[in-house]
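Engineer: This is the structure I have questions about; it appears just below.
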Amino acid sequence: MNTANAESFRNVTIVGAGVIGMSWAALCLAHGSEVTISDPAPTTESQVRAGLADIAPTLEELGMRTDDLTARLRFEADLAAAVAHADVVQENGPERLEIKHRMWATIEGNAPAHALFATSTSGLPASEIATVLKQPERLIVGHPFNPPHLVPLVEIVPGRLTSEETVEQARAFYSALGKKPQVLHKEVPGFVANRLQAAFFRECVHLVAEGVVTEQELDELVTSSIGPRWAVAGPFQSFHLGGGSGGFAHFLSHLAPAMEQSWKFLGSPTFDEATVKLLSEQAEAYLGDRPIEELATQRDQAQIALMRALGELPPAPAR
Ligand SMILES: NC(=O)C1=CN([C@@H]2O[C@H](COP(=O)(O)OP(=O)(O)OC[C@H]3O[C@@H](n4cnc5c(N)ncnc54)[C@H](O)[C@@H]3O)[C@@H](O)[C@H]2O)C=CC1
Ligand SMILES: O=C(O)[C@@H](O)C(=O)[C@H](O)[C@@H](O)CO
C-alpha cells in the first residue's frame with residue numbers, strides 16, 4: 001500500500017473470519033495494515049493462523065512479503081472493542097440480514113467517525129443493511145469474489161443513501177489493496193457478478209438434476225470452453241467475434257433469435273431434498289477424496305498462471 005493509503009487505511013477490522021474474512025485479513029496484512037479480527041467462534045485464532053499459513057505461498061507468488069505476515073495481527077472477540085480504532089471495517093459475517101443488522105448497529109456505535117464501513121455480502125443491498133444505522137451514508141457493499149486475496153474484482157455497490165465520499169473511500173481502499181473495484185450504477189439484489197453466476201449455476205443445477213451431465217462432466221465442459229473463453233473476452237466481445245466479419249450486428253440478426261428461443265427451455269430447478277441429495281452425492285464422488293486445502297492451492301496456482309498470462313499480474317518474482 002502506498003504511503004498515503006497506508007495511513008488512511010492503517011487499521012483494518014475484519015468482522016467474521018471465515019472463508020472470506022480470512023482471505024481479506026491475509027491481503028490487508030500483506031499490504032502492511034494493522035489487522036484486528038473479530039469473530040465469536042472459539043476456534044478463530046487457531047483457524048486463522050492455520051489459514052494464513054495456507055494462503056502465504058499464494059501471496060508470495062503475487063509478489064507480497066509474508067515473513068512478518070502475522071506481526072500486525074490481533075484478535076478481539078468483543079466487536080465494540082475490535083472496531084474502536086478502525087480506519088476500515090470489512091464485515092464478513094453470516095449472510096443473514098438480522099445478524100448483519102446486529103453487527104452494524106454495534107459497529108456504528110463504537111467505530112471512529114472517519115472509518116469506512118464495508119460489507120462483503122454476496123447479495124444483500126446496502127440499503128437494507130443500513131436501515132439500522134443513524135448514518136446510512138457510511139455503509140457500502142464491497143463484494144469480493146472468493147478468494148479476495150487472489151481474484152481481482154470487488155463490486156462496489158452503494159445503497160440509496162450511501163454518500164459519494166464513501167464510494168470514493170471504498171474505491172481508494174480496494175485499489176490500494178491491488179484489487180479491481182467496479183462501481184455499479186444501480187443497486188440490485190445480487191449485484192451483477194452473482195446474478196450472472198446465479199443464472200448460469202441455475203442451468204448447471206438443472207442439467208445435472210435432469211441427468212444430462214454429471215457435475216464432473218459439466219465442470220470439464222465449462223473449463224474446456226466457456227471458462228477459457230470468458231477469461232480472455234467477456235460475453236459481449238465473444239459474441240461480437242461470433243458474428244464474424246459482421247460482428248455483433250450479424251450475431252444479433254443471425255444467431256440471437258435462436259438463442260432467444262432456447263431461453264424457453266432453460267430450467268428452473270429448486271434445491272429441494274431430492275436435488276440436494278443428488279448434488280451432494282455427486283460432489284462427494286467427484287471431489288470428496290481431495291482435501292479442500294489441496295484443491296484451493298491447485299486453484300490458486302492455476303489462477304495465478306492464467307492472470308500472469310493475461311498480464312493481470314506481474315511476472316513471477318525471481319527465485
Ligand atoms: N464464501 C464465498 O464464496 C463468498 C461469501 N461472501 C459473503 O461474505 C460473507 C461471509 O461469508 P463466508 O466467509 O463464506 O462465511 P463463513 O460462514 O465462512 O464465515 C462467517 C464467519 O462469521 C462468523 N460470525 C458469526 N456471527 C458473527 C458475529 N456476530 N460477529 C462476527 N462474526 C460472526 C462465524 O463464526 C464465521 O467465522 C457473507 O456475507 C457472504 O455472502 C462474499 C463473496 C464470496
Ligand atoms: O462466487 C463468489 O466468490 C462470490 O460471488 C459469492 O458471493 C459466493 O460464491 C456465493 O455467495 C454465491 O452466491
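Placement of Cβ uses the backbone N, Cα and C atoms for every residue, glycine included.
Note that TrEMBL annotation is computational and uncurated.
TrEMBL lists these features:
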- 11-186: domain '3-hydroxyacyl-CoA dehydrogenase NAD binding' (DOMAIN)
- H143: site 'Important for catalytic activity' (SITE)
- 190-249: domain '3-hydroxyacyl-CoA dehydrogenase C-terminal' (DOMAIN)
Engineer: Other than its own, how many Cβ atoms are within 10 Å of the Cβ belonging to H143 (site 'Important for catalytic activity')?
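Structural biologist: Around the Cβ of H143 (site 'Important for catalytic activity'), 26 other Cβ atoms lie within 10 Å.
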Engineer: What is the three-state DSSP composition of the domain '3-hydroxyacyl-CoA dehydrogenase C-terminal' (190-249), stated as helix, strand and coil residue counts?
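Structural biologist: Residue counts in helix, strand and coil order: 47 helix, 0 strand, 13 coil.
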